[in-house]
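Worksheet: one structure, shown below.
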There are 2 protein chains.
Amino acid sequence: MRLYADDRSAPARHEMTEPAGRVDLDSGSRLRWDALAGEWVVMAAHRLKRPFSGVTSVCPLCPGTGAECEIPGGAYDVAVFDNRYPALGAPGPRGAPPAAPEPFTDVPAAGVCEVVSFGSAHNTTLAEQPVRRVRTVIEAWADRTRALNSRPDVAQVVCFENHGAAVGASLAHPHGQIYGYPFVPPLLARGRDAARRARRAGGCLFCDTVAAEEVAAVRVVLAGRHWIAMVPYAARWPFEVHLFARRHVPDLPALDEEERAELALVYRSVLRRFAAVAETPLPYMALWAQAPARGGREADHLHARLFSTHGVDGRVKRLAAGELGTGAWVSEADPEAAAAALRAAIPSDRADVRRTAKHDR
Amino acid sequence: MRLYADDRSAPARHEMTEPAGRVDLDSGSRLRWDALAGEWVVMAAHRLKRPFSGVTSVCPLCPGTGAECEIPGGAYDVAVFDNRYPALGAPGPRGAPPAAPEPFTDVPAAGVCEVVSFGSAHNTTLAEQPVRRVRTVIEAWADRTRALNSRPDVAQVVCFENHGAAVGASLAHPHGQIYGYPFVPPLLARGRDAARRARRAGGCLFCDTVAAEEVAAVRVVLAGRHWIAMVPYAARWPFEVHLFARRHVPDLPALDEEERAELALVYRSVLRRFAAVAETPLPYMALWAQAPARGGREADHLHARLFSTHGVDGRVKRLAAGELGTGAWVSEADPEAAAAALRAAIPSDRADVRRTAKHDR
C-alpha cells in the first residue's frame, strides 16, 4: 500500500511500501487466445464472487481497522493498493505471453491490478475535490506507471476510472484502478499502429489532430497552454472527450511540473462538465492511453479518453448485435453539439485554466 | 416488401416487389473516419427520434391497415421490408466509401437496412416457431443476402437479431434485421484477415477449429451432419455459441437443401437452449458472419455467432472502461460449463438433429 499526500512540500512523502517478501496475488485468471479476433481474452469466471455495493456493510476504502479495511489508520489523501479481487496476476516469475500464439493457447494471466482511492472521504467525487487533490492523483498515476513499467510481466499500464453505479462501479467510494496488462490491449494497439504508420510518413497523428481541431474549433471543449480537450471527430458515445498533451510526450511520468499543474485543472474541469451538463451527473469511464512499457514508445502521444454512455436526456447508448457482434458502430452522438454543451456547462472554468492557477501548485 | 411462405411447394411464392421506381430512403447518416481506430463510424444522431416500445399503441409488424402498419393484409409467414428509421442508406447512385481515407473524411452513409418479421403472430419468439418457419427465415436471409450483395454500395450483408428488451430491442414482435454495410465491419474484417493468413499457410482456421473442437468435445453443444454448435474457446459472454457449417461455404445462398433443412433444426435448437438454460429465457444477440459482397470470398467460412449478455443467475456481463476503452476483455464466462449447461437444457433435441428431420423439408 502506498500513500500520496496533497502536501508535497512536507519533508517526507508519507509512503508505505510492501513488505520485502511480497508475493503477487494469484488472480486465478488465464489468458486464452481468440484466434478469430487475434486477441487475448482474460478468462476470470471466478471474479463473479467479488463483492458488490451493499454486500458488505463496511466500505473497504474508508479509513478504519476492520478486516474489510484496505487502508488502516486515519484520514489520507490518495492511496494505492493491490486489488483484493484482481482480474490479472499470477504468482512466480512471469514474462509476456507468446507474441504469435497457436489456436487453443492458454497461459496464466500475469500482470497486476491496483486500486487508487481518491481520498478518505466517502460521499464525494473526484470532480468535487480541490485541484490539489487531482494533482496528487496524477502523481500517484505517474509514480505507479513508472513502477509497473519496470515489471517483466507488464506490457501496458492503464490508469482508469469507472464512475457511477450505472457503469458498473462496485464501490461508491471515489476511486480508480490501474491495470498492468501482460499484453497491449487491442484498441490501444490499433491506435498505436495508426500512429506508427503516420510517423513513418513523417507526421504525428495526434499532433496533427490537435492542430486541425484547434483550427476547426467546433469540437474543442477546453484549451490550455499544455492541454487541449475536445470531442473526437467520430465520437461514439453521447459525451466523449479526448484530452491531449500538446507536447509529444509518451506517458504521465514524462510530464513536467507545469504540465502536471495544468492537467489537474483541466482534468477536473472535464469531470465537472460531465457532472454539470445533464440534470444529474453523468456516469463516465475515463482512461489514459500511454506508451507501452517497452518498444516503439516514440510514436505514442499521451492522451486521456473520457466518455459517458448516458446523454443529456437520460437516453443511454446501448450496444446491440451491430456493435458487439460486428464491430460496426452506429453512433447517436452529435460531436459538435456535445462540445458546445460541455463548453457551456461551466463557462468560467475556461479562464481558470488559462491562468494555470499558480496557487494550486 | 417481400413475403416468404412456409409452404414452398405452393405454385407461386407469394412475393411482392418494390415499385419499379423505388427510391432508397435517405437515412440522413454520415460515415466519419475514426483515424485512431482505423474504422468508419456511422453518425446517426437523428435516430434518437425512432419509436420505442410503448410509444405507439399499434405494432407495425402485426398485419393491419393503419398508417403505422408495415405489412398490409392478413396473416403472413415471413416478411422483409425497408427499415423506416434506417441507420444506413443515401439516395442516388452510391459506391463504396474510400478505402484509405484521410483524417476528417466524411461521406454519406450508403447501404441498406431491412427488417425481417418472423411471422404475423405477436406474442411469440422464433424459438417457439415450428422448424418450417425457421426454414422460411433462412430462405429470406439467403434471398436478401444474394440480392443485396449485387448492390454497388453494399460491401457486407449481415443478418442479425437483437432479442429481448434487455438488449435494446425496440419492438416486441419477433423480428430480425438485415444490414447491407457500405464497408466491412471491423470485427468481421479481423476474422477475415485471420482466416486469410491461415489460408495462405495452407489451412482453414474454421475447418481446423471445427475438427479440433470435435476432438476436444467439451465445448460442443450440438453436432449434426452439416452443422456444429459450440461455445468458443475464448468466450466473452456468459452464454455464447458459434454455429459453423461443416462444409467450407462462403454464405447462406451457397447452402444446399440438406444444409438448409438441418440448419433450421439446429438454429432453433440453439435458440431453445438459450430460452431454457436459465430461469427466464435469455435475451440474446445473433448474427451471421458471411463472405463479403466482393473480394476474397474463398477464405470465408459461414458461421453464426449467438450470445447473451445474461448468465443463469441473472448476472449481466457489464462492459466497463477496460473493455470499452482499451478493448482488453475480461470474460466471466466458463466456456466448458456453459456448453454443459446448454447441452443439458434440452437433451432430446440432439437426437432430433441427428435424424435431420426429413418430415420438415
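We number each residue from 1, going along the chain as drawn.
Including glycine, each Cβ sits where the backbone N, Cα and C put it.
In TrEMBL this protein carries:
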- B:1-24: region 'Disordered' (REGION)
- B:29-185: domain 'Galactose-1-phosphate uridyl transferase N-terminal' (DOMAIN)
- B:Cys59, B:Cys62, B:His122, B:His173: Zn(2+) binding site (BINDING)
- B:His175: active site, tele-UMP-histidine intermediate (ACT_SITE)
- B:201-316: domain 'Galactose-1-phosphate uridyl transferase C-terminal' (DOMAIN)
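For the recorded Zn(2+) site, residues B:Cys59, B:Cys62, B:His122, B:His173 set the reference point as the centre of their Cβ atoms, and the other residues of that chain within 8 Å of it by Cβ are B:Pro60, B:Leu61, B:Ser120, B:Ala121, B:Leu171, B:Ala172. Taking only the Cα positions, the spacing between B:Cys59 (Zn(2+) binding site) and B:His175 (active site, tele-UMP-histidine intermediate) is 12 angstrom. Every protein chain considered, the tally of other Cβ atoms within 10 Å of the Cβ of the residue listed as 'active site, tele-UMP-histidine intermediate' stands at 22. In the three-state DSSP classification, B:Cys59 (Zn(2+) binding site) falls within coil.
Counting every protein chain shown, 20 other Cβ atoms lie within 10 Å of the Cβ of B:His173 (Zn(2+) binding site). When averaged over the domain 'Galactose-1-phosphate uridyl transferase N-terminal' (B:29-185), pLDDT in the model lands at 91. Geometry remark: the residue listed as 'active site, tele-UMP-histidine intermediate' versus B:Cys62 (Zn(2+) binding site), CA distance 11 Å.
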